[in-house]
Structures are given as structure tokens and as C-alpha cells.
């Protein structure tokens, strides 16, 4: 604080025309560099040396370079002029507000820095995590509105719950103002008590104490080696594979993964929560001939038997792949009206099928993929059969029509869709 005060006075003297030398001691302001609570009042006085021959009535005050009105002044003696400031606002900057006494020639006679703010409130949202059990990092937020307007120090403290002495965290990060990492002498299988103390010249406050075991708050690096590839020529599927976090290869734990993916032209991610602990998955129901971005993250659940929910890692870097282009199932020989009716029936069947799958199978499970593949095979066979029937009818109609104009035959009959629905139910 002293260094800041010296800089404040030096700045005033060096950047004001006609400033007197620091060694002359021609005037004194009292109180010098006070720390005040926001909304309080202050009466400051400027005493000048009698040898200067300056009467107090010729002096004036400035605050942050702005001259204060004479109605706030009071001549206490021929060498002493006071000023009263009511309901002080918070300091504009941490280095304080500059209150300066001038003579009638606008020379600086003396200066003082005012520090106006509030005492800290109890820090909140204290959260801790351990990256691969190698450290313990905690972050928090200032209490209340978060701004005291004066220099406030935050100290992260911790101790082993049942023994050990209180210690202070030393590795405060510069990128995050309210964060600190404990990197030495970490103990596994032993609970820690952790809290934050906030203090400034107007008061102090302490956060709630949290108790945790490092193994309960472990997070890890994102999964590595993420690859996304096509599943043969299936136009609506992609295969995703990845490697488990190498930093935890020597730990006993049950990993849990999440996948999210989006269209190239979209910023909306779709998240798959039910991947489980496997390191591969097939995404189904995708749009043919489309580029997708895919990311994976890991939650190291149950390290050495921990029963806590675990903490998710960051998402892996996006990996891109495209689905193959293909023809529609029901393209070709149906006219527009017939094709519309057929596609409507197909959509209803799809809705029923996926409703059943969501109820009885989940995400990347082998059961879900097997059912989906069986449905695709059935649809392809049904589509092939419809095409063959359509071609047979077309040849018959062509033989019967000698001079009549050629027309498309409505091959996609409702009876065929009903037959297909019956086959689908039997397969399920």
C-alpha cells in the first residue's frame, strides 16, 4: 500500500505545472491517505508553513483534478483551510482518489489519496477439482456484487480434516483472479477442509468450509485419438472411436463418456448421455451426404471406489466426417401423389420403430444397433420387392397398352405397407 501512496504523490508532483519540491515540506494534509467506507463523510485540512506568507483564504482544493466549490471550505486559521466531503462515492480506481491542496497560483502544496470502498463479503461458490490427482485447484467468487473498490486480498486455506496444521495456498493463477492450485504434499484417501478468507482495510470475511476427498473431485484430460469414419455405405451412420485418458491408466476406475455432434452449418449440438464406458459408438439417424463435427469427453467415475458423481473433462477437439450420398428408399417408379402417401406411411413406421427403440434400447448399445440394422435390412428387402412388383406390373401394362399413352403405375399400395408393418412387428 505504501508504494501505491508514494506513486500517487509523485505522479501529482511530476505532472502538475509549478509543483513545489518534495523536500520543501511547505504544507501538510490531514488525514493523510485515509481508507473510508463508501457513503461516509470526510473533513480534511490543509496546513501551510507560516514562512510562506500564504493566507488560508487564498487556497483551494481539487479532487481528481476537478476544483471543489468554495462552499465546502472553512478557514480554521490563517494557515489552515479545511474541506468537507459528504456521502463519498467509491474510488474510481484501486490507486485511490487524489485530493490536492493548491495556492492561488495553482501550485500543488500537498496531496492525499482517498481510498473509498466497502469491506468484503463472504466469498461464495467455492469449488475444487483435481487434474489426474496431480494437483488440487479451487476457484471461488467474491460475495455480494463482487466489488469492494479498494484493494482486497483473497487467501485460500486448507488443512487435513483430522490432523495437520492450517496451510495457505501459494500458486495463484494470473489468468483467473479468484483461483489457486495446491501442487505439493497432496494426500489421497484423506478428507481436506478448505475455505477462503477475504480481507481489506475495512474488514474481513470467511467463506463456508467445504470438506472433500481428492479422489471424489478428479477430472482428466479429454479423450485422445478421436476418429470418426463411415460405416460402409450406410448413408445415415458414422462410427466414433477414441482412447481412454492415458493419465489414469494406472488407476482403478469406471470411465463414463459423452458424445456430442452437430451439422457443419449449425451451432446446435446434440448430446448422447448414454454411451457408458465403451470407447466406440455408432451414430445413427444422420442426414445423408452431410458433414458432421463430433466431440467426446470423459468422466472418471468411481476412482478407487469413490461414490461421487465425478467431474466431466473438457470436450475433445472437434473431429469432422461426412456421411455417404445415397438414393432414397422409395424413389423411382411412384408418381408424386403415390410417393407422398408412401413416404407418409414410412414416416409413421419410423416413428413407431424409434419409439420402441428408445424405450427398450439405449444410444450406443449393441442391442440398439442390432435392432436398427435389422430394420434397415427389412426395409431394403421390402423396397427391393416393391421395385420388382412395380417392374412386373409396368411390363404387363406396356404389353396391354398398344396405342394408349404410357402412365406410371401406382405400385406403392397401402396393402404392401400393411404387410411391411406386420413383418416389422414380427422381427421386434
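Just so you know, glycine gets a Cβ as well, placed from its N, Cα and C.
Keep in mind that TrEMBL annotations are predicted by a computer and have not been checked by a curator.
Taking TrEMBL as the reference, the stretch among 300-321, 322-343 described by the feature region 'Disordered' is residues 322-343.
Across all of the domain 'Fibronectin type-III' (122-217), the predicted model scores a mean pLDDT of 90. Helix, strand and coil counts under DSSP for the domain 'Fibronectin type-III' (222-323) come to 6 helix, 49 strand, 47 coil. In terms of DSSP secondary structure, the domain 'Fibronectin type-III' (122-217) contains 3 helix, 46 strand, 47 coil.
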